[in-house]
Amino acid sequence: MSISAEDIKKLKQEVGIAAAQRVKSGMVVGLGTGSTTAFAIEELGRRLAAGELTDIVGIPTSFQASVLGKKYGIPIRSLDDVDRVDVAIDGADEVDPHKTLIKGGGAAHTREKVVDSLATLFIVVVDESKLVDKLGSTFAVPLEVLPMAISPVTRAVEKLGGKPDLRMGIKKDGPVITDQGNMVLDVTFEAIADAAELEKTLNNIPGVVENGLFVGVTDLILVGEFKDGKPQIREIS
Ligand SMILES: O=C[C@H](O)[C@H](O)[C@H](O)COP(=O)(O)O
């Protein structure tokens, strides 16, 4: 049974709110990027305004997260200002049974990997449509690439058996440019047998800044799903 866009939005909202409710006063919070995390950031702001939370600071994983954090009154800091990240809340484009992720649908995976990997507790928030048996079945692996290295990186990933596609803007002519001023190659692989190995291999190509495979980083996944017609949250830890 396919789920409507409205129902998916509802599930994103439920898991976003549930994740934000796990944040405690005094915590340093990694603010993820995307439509699901946006609900978590909004809920953090609501809790701050209501006095349910005090003294949190947010470490944004993108320009979008920074703007949203400020909009909802979360004090924004950089990694230079803190010595830890207590919890990070972030979305994903695919989640496999080993809690390995593909991220970067919003071209934010480089900063996300830095912040999410530092977190004592990394919570992934997704709706059920993101769960896959095999990584790469619905989503390509995004690579953030230095613009001057697009051609050699394209050839290198083709040699690895990947099919690279330069990500183009939707409301912009030309390629998508990341927050760091780089480009994105979305690489489709027929099968990803060993995500950990592929993550390292891709990052070893000169010119690749970071790829969207997140291996061994996830602590907890909150999955929004419909059961008996009602939205509910399943925890995978
Ligand atoms: O670059 C973007 C991020 O990795 C997002 O967290 C990911 O694309 C999921 O986004 P959404 O919650 O909008 O599906």
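Just so it is clear, glycine is given a Cβ too, placed from its N, Cα and C backbone atoms.
Lifted from TrEMBL, the feature list:
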ACT_SITE  E112  active site, proton acceptor
BINDING   T33, G34, S35, T36, D90, G91, A92, D93, K103, G104, G105, G106, K130  substrate binding site
Shell of the substrate site beyond T33, G34, S35, T36, D90, G91, A92, D93, K103, G104, G105, G106, K130, same chain only (C-beta within 8 angstroms of their C-beta centre): G32, T37, A108
Binding-site residues compared (K103, K130) - the one with the fewest other Cβ atoms within 10 Å: K130
Cβ contacts of the residue listed as 'active site, proton acceptor' (under 8 Å, same chain, 6 or more positions away): G32, T33, T61, S62, D90, K103, G104
Most Cβ neighbours inside 10 Å, all chains, among the binding-site residues T33, S35: T33
Among D90, A92, G105 [binding-site residues], residue with fewest other Cβ within 10 Å: G105
Collapsed DSSP category at D90 (substrate binding site): strand
Among T33, G34, S35, T36, D90, G91, A92, D93, K103, G104, G105, G106, K130, the record's substrate binders - longest CA distance, Å: 16
Filtered binding-site residues, from S35, K103, K130, whose Cβ is under 6 Å from an atom of ligand 1: S35, K103
Mapped DSSP class for G105 (substrate binding site), helix or strand or coil: coil
